[in-house]
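Here's the structure, in structure tokens; my notes come after.
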Amino acid sequence: MSDLSYVRAEMLPERAPPASQVGFVGWARQNLFNGVGNSILTVLSLIFIWYVVSFLLSWAFSPTWNSASLSECREIFGAESGHHAACWGVINDRWQQLLFGFYPNGSEEGTSDLRWRPILAFLLLFVAVTPVLFNMISRRMNWVLLCAVLGLTSLYLGGALGIVVGLALIAAGAAIGYKALTADKTARAAEIEAGAKRLPNPLIFSAIYPFIAPWLLWGGSLWLPIGAALGFVIGYFVFRFLAPIAGSLVGMIVAVLVALVWWLLLTVGFADLMQSIIPIGLEPVESRDFGGFMLSITIGVVAIACSLPIGIVLALGRQSDLLIVKALCVGFIEFIRGVPLITLLFVASTLLNIFMPPGTNFDIILRVLIMVTLFAAAYMAEVIRGGLAALPRGQYEAADALGLDYWKAQRLIIMPQALKISIPGIVSTFIGVFKDTVLVSIIGLLDPLGLSNAIRADQAWNGVVWELYGFIALLFFIFCFSMSRYSMYLERRLRTDHR
Amino acid sequence: MSSITLETHADRSKMEVSDEVAIEIRGMNKWYGAFHVLRDIDLTVYQGERIVIAGPSGSGKSTLIRCINRLEEHQEGQIIVDGTELTSDLKNVDKVRSEVGMVFQHFNLFPHLTILENCTLAPIWVRKTPRKEAEEIAMHFLEKVKIPEQAHKYPGMLSGGQQQRVAIARSLCMRPRIMLFDEPTSALDPEMIKEVLETMVELAEEGMTMLCVTHEMGFAKEVANRVIFMDAGQIVEQNEPEEFFNNPQNERTKLFLSQIL
């Protein structure tokens, strides 16, 4: 029998992997040409992709950008090639309409170009959401963004005042930006530690934005959004006053009721009164002039922003021990999920008026917003419930054992984790809601798809299909793809295990 | 069952038991549905006592200590912790919970927060301690459990033993008068059991009132001043550790000890 004992004298050094495993060659061999069958499939796939792409490219690259009608396009690419080339003239001619619908653009007698307002609202949206969405943007850079947007707007609006204010804002923004870029991070941190003055939190602007945006879009008296914001302030103070006396639940209920009374009965009177004393306002724009991507984005953003908190409340309600709360939440969620969105939209557009007291004018876009938001919230609640169910019981127990009450435990322990788990589902719901906004074309609102029908009704563009749908699809894709990428970024950022 | 021998012998000189009552349980009964899980429990724990609760699985020992901070609700009898009776009044429950620390078998650290944030969360939000002060307290206790250098890592990046020590530090940050341990070493490798037990011994040496559900009989012999044996939801036998291990009275206790020692 041979000797079984073995003692290693020295440890082996690390060696580089063989050339066939690394670099492009290694990658291609592993992933594309791994065996005869796979090689054949790779080649066939490449041929197929080439066939499709070359067809698409020759269709897309057609010199028809400046044509004024479909027949002119046909002349440009020749009658014999038929429909094998795109007629981009329609986009050139109508892209503004696809973006803004019939928002006043100054083309009619006695109107002025108001499209800067939705553009400003859109840009401010980014300023408002950056501090919420990204944590690597510093406080100062956010104020720089805000100054830049507002400054450029005043410059655009012009007039002596506009130019002065615009230049001042841009200068202020540049100064803050310069300071932020040149300041040493650790030195700055030490200064702040020592009690140096900081710029106000940009989330303040994020909180104001929901009141500014509708005012910019619909115009009218500035006192109306201020009145709406006052409702929250009043509710807050009622809660602060009542909570120590009557308990937080009673305080909350009374605060909500008081705020509702303020909004429904008093806000309009307050706004009219203030407007008669100090008139500030923008030229009003009717809801029926809204259209195109502006409308889609408005509905989409509102539904997305409101459905998340409502969804959280519904999900918590569904898990509640309080029987009535639970029954209400389950009933709401199951009812909304059991009804198609189109049905809800029809209810919003026609039926709701029947139940309203005669003479009330309840804006159609507002009605649609409420319906789409409720619809999204019901789905959101179920997505979040999934996240809640995935949390181990131990997390609830640990939070309880430390003496955290229900709301603190939810806010600090449970929700951050449940939401993180549900990010893919939440973003899927967001994307779905955003795309569902095109359904409003069915009740006569002119979203991009509704407009594409209107454009085709024009004799010049009768028969243009792919170009319009392609353009609309491209814009939707940009928004949806960004949301999807953002969710992946967020998941990476929030991953705390095995870093 | 193999038990880990502790290298350091616990210094019993400082482990004084006072006359002050920490926990008073009188005629407590609990049911899970129709299952009578705890039966007529009477137990008085004095300030400074280290009690080890042993017993076969399903005997109700975990349920008993979970009743003490009302993670489980009892249906009959009284539980009075530090002068506060546990009733359905949530204010009393929260008061007791902030006075009583708990360490779980599976650590239950909050994975989305750093070690330091895990330790400062409750002091800041429950005790309203200023953040800076809370962080100082947290670092103090992290040093005590010998992992201050991990303060800015996340729980998922730590070993099981380290996580359990963080969990102990997290409880200590609330400055509890009583600590409950629910099988703190059952989910750990032997090497790590030792580091956690040593932390617990140190805690005992400082005079903390402790109730431990554990199978570590070495720890019981070394640290406890009283061992309680439970079976079928009732306290079968309790005694000082020496008497308990050397001279068990009840047949059930004898059988249990013969199997695990």
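Placement of Cβ uses the backbone N, Cα and C atoms for every residue, glycine included.
Any TrEMBL annotation is an automated prediction that lacks curation.
What TrEMBL annotates here:
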type	residues	note
DOMAIN	A:293-487	domain 'ABC transmembrane type-1'
TRANSMEM	A:40-61	transmembrane segment
TRANSMEM	A:119-137	transmembrane segment
TRANSMEM	A:157-178	transmembrane segment
TRANSMEM	A:223-242	transmembrane segment
TRANSMEM	A:249-270	transmembrane segment
TRANSMEM	A:290-316	transmembrane segment
TRANSMEM	A:328-352	transmembrane segment
TRANSMEM	A:364-384	transmembrane segment
TRANSMEM	A:421-446	transmembrane segment
TRANSMEM	A:466-486	transmembrane segment
**Report entry** Tertiary contacts of the transmembrane segment (A:290-316), as residues 6+ beyond its ends and Cβ separation under 8 Å
**Finding:** 97-103, 118, 122, 125, 210, 217, 329, 332-333, 365, 368-369, 372-385, 388, 410, 415, 419, 426, 429-430, 433-434, 437-438, 440, 445-448, 450-451, 475, 479
Report task. May I ask for the residues of the chain that lie six or more residues beyond the transmembrane segment (A:466-486) and have a Cβ under 8 Å from a Cβ within it? Result -> 86-88, 90-91, 95, 98, 133, 293, 297, 300, 427, 430-431, 434-435, 448-449, 452, 455-456
Query - Beyond the flanks of the transmembrane segment (A:364-384) by 6 or more, those residues with Cβ under 8 Å of it - result: 287-288, 290, 295, 298-299, 302-304, 306-308, 310-312, 314-315, 318, 329, 332-333, 336-337, 341, 344-345, 347-349, 352, 418-419, 422, 425-426, 428-430, 432-433, 436-437, 440, 443, 445
**Report entry** Intrachain residues whose Cβ lies under 8 Å of the transmembrane segment (A:249-270), provided they are six or more past its termini
**Finding:** 223-224, 227-228, 230-232, 234-236, 238-239, 241-243
